[in-house]
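K.L.:
Structure provided below as structure tokens; questions to follow.
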Amino acid sequence: MVILGAFNVGFCIMLVPQFVVLSFDSGLAKIGLIMAAWTAGPLVGPWFSKYIDKWGTPKVWLSGLFLANACLAFAVQYSQSVLSLFVNMFIQGLIYAIGYSILNLLIVRRYEEKEWHGRTGMLIAAFIIGEVIGFGVAGRIEIPAAGFVGASIIMVLSSLLALVLVPDFNKSFIRTRSPEQRSQQVKKLLHSPFGIMALGWGLLCFAAQILFLPFPVLMREVFQIMPEHSSSVVSISGIIALSFYPIVGKLTERFGADNVLITSSAVKAMVFVVLAYCAFYYQPELMLIVLCMVFVNRCTWPFMMASSQIQAAQLSGECSKSMALTIFMAIAGIGNFLSGVINSMVTASLGMSYIPLVAAITASVGVVLLFGNKYRELRHDQHIDQPKHYP
């Protein structure tokens, strides 16, 4: 079900930017704005989690969300204005964010903490399988409208499967809190190491999205790589990345989720630096290097996704795990949304070749924040463990 649901993500990333270029004047500068609407969902989507228990069960929610997404995916081809497409993509992004929040809450509210590592990895693996299939198929579709019809059919099938496969929450893991308690928890989380980690993660999401929201068009315009080739690299790297999932949980348990997150994020930042160099000094001989960087970037994602969510839950301390994940996804959503807006601004003023440079700078700042947070924790632990001498 998750595999089929994620299918539409690959289609959106590959087909919507091409549809914008073909359908609207100055399409290159409008791609970021349209895709920003799609990534704005996590800004508000996770906050709907508190209504899930009141308004239905997880299976009803997911089934309805998939069905609504099918209708919206089909309607994309009939968008006659930037505003109508913006609204359509915003609602699709909202649906995606709510659905992903429900799946995360199913892990937190149904299983013990010791099972989070493995089940989070399984969820992300299923998501990437669907996304990879979507990338591979969409890259070979010459007419975007045909792809939107296919995506809508897949989403209808996902809706039916959700009614059969999705379990309910374990009520013993659900605790109700007053609005005052929730407000205090938000302040406590944001002023703790969790807040610094979430900010660093938000910057990394910004960097990744500003570079890959216009992915097929960016590859074609800046690096002269056609969509069928770029999508093939993403699909192959995604399949290979799946082989990492059996070890992601073990790595986070052995070395700590924070160390896995910092290492994989540093690799991603290095990839963006190389892509920025290639964008400014591009020659046909650099095409292989660009494709290799796309490959490596994709392979870092399993480690970053799994370790970041696990660390967010771990750093929540005495606060609600679901509240921590909600804030965590909201901050990531802010980064994703701003990336689309800045993408359009940079493309319109400087050109699309400057996008990788912005991504490299932002990702580097995010890594510095993650590393600084880790160093702060080490200093704090050393201070606690330091023997005290009394006169």
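Glycine is treated like the rest: Cβ placed from N, Cα and C.
Feature table excerpt (TrEMBL):
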TRANSMEM  7-24  transmembrane segment
TRANSMEM  30-48  transmembrane segment
TRANSMEM  60-79  transmembrane segment
TRANSMEM  85-108  transmembrane segment
TRANSMEM  120-139  transmembrane segment
TRANSMEM  145-169  transmembrane segment
TRANSMEM  189-212  transmembrane segment
TRANSMEM  232-248  transmembrane segment
TRANSMEM  260-282  transmembrane segment
TRANSMEM  288-310  transmembrane segment
TRANSMEM  322-342  transmembrane segment
TRANSMEM  354-372  transmembrane segment
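What's the neighbourhood like for each of these?
P.N.:
Residues 1, 5, 8, 11, 16, 19, 23, 52, 85, 88-89, 91-92, 95-96, 98-99, 102-103, 144-145, 148-149, 151-156, 158-160, 162-163, 166 of the same chain lie 6+ residues outside the transmembrane segment (60-79) yet bring a C-beta within less than 8 angstroms of a C-beta in it.
Listed as Cβ neighbours of the transmembrane segment (145-169) (distance under 8 Å, sequence separation of 6 or more from its ends, same chain) are residues 1, 4-5, 7-8, 11, 14-15, 19, 53, 57-60, 62-64, 66-67, 69-71, 73-74, 76-77, 105-106, 109-110, 134, 137-138.
Residues 13, 32, 35, 39, 218, 258, 261, 265, 268-269, 272, 275, 297, 304, 308, 311-312, 315-317, 319, 323-324, 327-328, 331-332, 334-336, 338-340, 342-343, 346, 355-356, 358-360, 362-363, 365-370, 372-373, 376-377 of the same chain lie 6+ residues outside the transmembrane segment (189-212) yet bring a C-beta within less than 8 angstroms of a C-beta in it.
Sequence-remote contacts of a segment are chain residues at least 6 beyond its ends whose Cβ falls under 8 Å from one of its Cβ atoms, and for the transmembrane segment (232-248) they are 117, 121-122, 124-125, 128-129, 131-133, 135-136, 139, 215, 260, 291, 294-299, 301-303, 306-307.
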K.L.:
If you count every Cβ pair below 8 Å, which range out of 7-24, 120-139, 288-310, 354-372 shares the most with the transmembrane segment (260-282)?
P.N.:
354-372
